[in-house]
Structure formats: C-alpha cells, structure tokens
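Heads up: the structure comes next, in structure tokens.
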Amino acid sequence: MTTLAIDIGGTKLAAALIGADGQIRDRRELPTPASQTPQALRDALAALVAPLQAHAQQVAIASTGIIRDGSLLALNPHNLGGLLHFPLVKTLEQLSNLPTIAINDAQAAAWAEYQALEGDITDMVFITVSTGVGGGVVSGGKLLTGPSGLAGHIGHTLADPHGPVCGCGRTGCVEAIASGRGIAAAAQGELMGADARTIFTRAGQGDEQAQQLIHRSAHVLARLIADIKATTDCQCVVVGGSVGLAEGYLALVKTYLAQEPAAFHVDLLAAHYRHDAGLLGAALLAQGEKL
C-alpha cells in the first residue's frame, strides 16, 4: 500500500509517496503560508497533494502542534503564522478522498528514528531543533502521545525563568531560546533581523556574536537533554531539525552535555533520516505500526 505522507512545519510543507518498503518517491515542498487564515493552509495543501493523491491509497500527516481528534491545535501559534486551529484529517480527506491519519511531527519522527536504531534499544527520545523545538518519546518500545496529544512537547519546558516570553505563553521556554526563531530573536546590532541560517553562516566566518548565539542554543539544549535523561532514563537521544543538523551544532551540544554530572550523560545521535523522519514516521504509523 502506498501512503501519501505530508509534513507540516513552521517553515515548509513537504509531501511524498511512500511505499510499504519505506522508499520515498516524488517528494515535493512548498513554503508554509505565513497567514492566520485556515484557507491559506488549505490552499497550499491542495496544491501540494494534487499531483500525488491519485497514486496513494491513504494519507498520513505529521504536523507541528498538538494533534487532537484529527485537528491541529497550535501550542505556539507563531510557528504557523498565527494559525490557532486547523482540521487536518477532515481537510485532507476532503481534498484526497482517502482515509487519513494525523500525528505530531516530532512524535512521527521519533517513531521513524526508533525503527532505525541498532541494538537492544527500548527507550529513546527524539528532539527536533528547527523553527521551534519539539520532541517525541519512545518508552518500552511504545510511542508516547498522551491522552491529549501533548506528550513530547519538551520545547516548552523551562530553560530560563528570566528569559524571553514564548509564543505558548510561558516565560523562558527552551524553544524561545534554542530554536532557530529564538536564535534569530536574540540577535543584536548588525545581526538584528538575520535568520538562523544567516547566523550560522556568520558564525562559520568567525562572527563572535553569531557564535555566542549558537553556543547559547546548544547549552540550553544540553541542559534539556540532561533533564530528559533524569526524567525518562532513555538509552539515547536523537537530534534532528535544521538547527539540530547544522554543521558543528551537535558537537557543541555534546561538549556542554559532558559538563553535566555523569548520571545525566546519554548517547547523542544525529537523525538517521534527517529531514524525512516526519514523513517516514507518519507513513509507518499509517501502514500498521502500533502506537
């Protein structure tokens, strides 16, 4: 059975056909609409899936935000241009005339990355550092979603009680500091207004402020990972996302994690499926892998 997998992120929308063999075909991308109107997202999704839907038997959506009863509920609306709510499953069933499931994107990615691990691993955590910071938890070989879909939203745990206000309404969240949006928001002087990609480029060129911003992000993430180890006793943490996979970033996180007491150390791995983990995880779940 072929699955039309869709990944809805804060920066881009992606779609692909994924067969039972896990192979990705006909991958396509569009920018995520920076609009508070549901119609803008619906129109973008319609354009994305139209060339693919005739070749699939089902649809699987991996989306940022809390997924509850088939709908997207934005924990941080800024990540989707201010959009608060969107009926994912209903919309895609109308657009494609195919049975549809939806799951949080980091939860989906966690499931795909768990399947790729070697050895006797039953407990792992996936962290994506991108526009926002999200996560997925596998415990005892089972993906945790929680009764309301909130499980794994580790980007909204506390990093600094005196830090910036997060889009979720809390103060000092990990996401508000460590994410691509958080890195960019903290930039000053000649870097003010630059996006995270530009800041990473400038850091590679020796810009001191850019390097400090990236170190700050990596340090916050390392402390989060130590907290996760204390909470879950996971055997490994897999890091993905555009920031998480940026050159040199994971090495920085490892350096800061090594400064924590040994009890909180855990193996850190780069995402095996890189930017396709959400698509693959959603397809796996739609094709019969159990939560």
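Numbering starts at 1 and runs along the chain as displayed.
Backbone N, Cα and C define each Cβ position, glycine as well.
Proximity of GLY136 (ATP binding site) to non-local residues of its own chain (separation of 6 or more, Cβ distance below 8 Å) is seen for ASN104, ALA106, GLN107, ALA108, ALA109, ALA110, TRP111, VAL125, PHE126, LEU143, LEU144, GLY152, given in sequence order. GLY136 (ATP binding site) falls within a strand when secondary structure is assigned with DSSP. Swiss-Prot lists 5-12, 132-139 with the feature ATP binding site.
Look at Swiss-Prot and you will find HIS156, CYS166, CYS168, CYS173 tagged as Zn(2+) binding site, backed by sequence analysis. Non-local neighbourhood of CYS173 (Zn(2+) binding site): GLY155, HIS156, THR157, LEU158, ALA159, GLY163, CYS166, each in the same chain, at least six residues away, with C-beta under 8 Å from its C-beta.
Within 8 Å of the Cβ centroid of the Zn(2+) site, not counting the listed residues HIS156, CYS166, CYS168, CYS173, the chain contributes LEU75, ASN76, GLY155, GLY167, GLY169, ARG170, VAL174, GLU175, ALA176.
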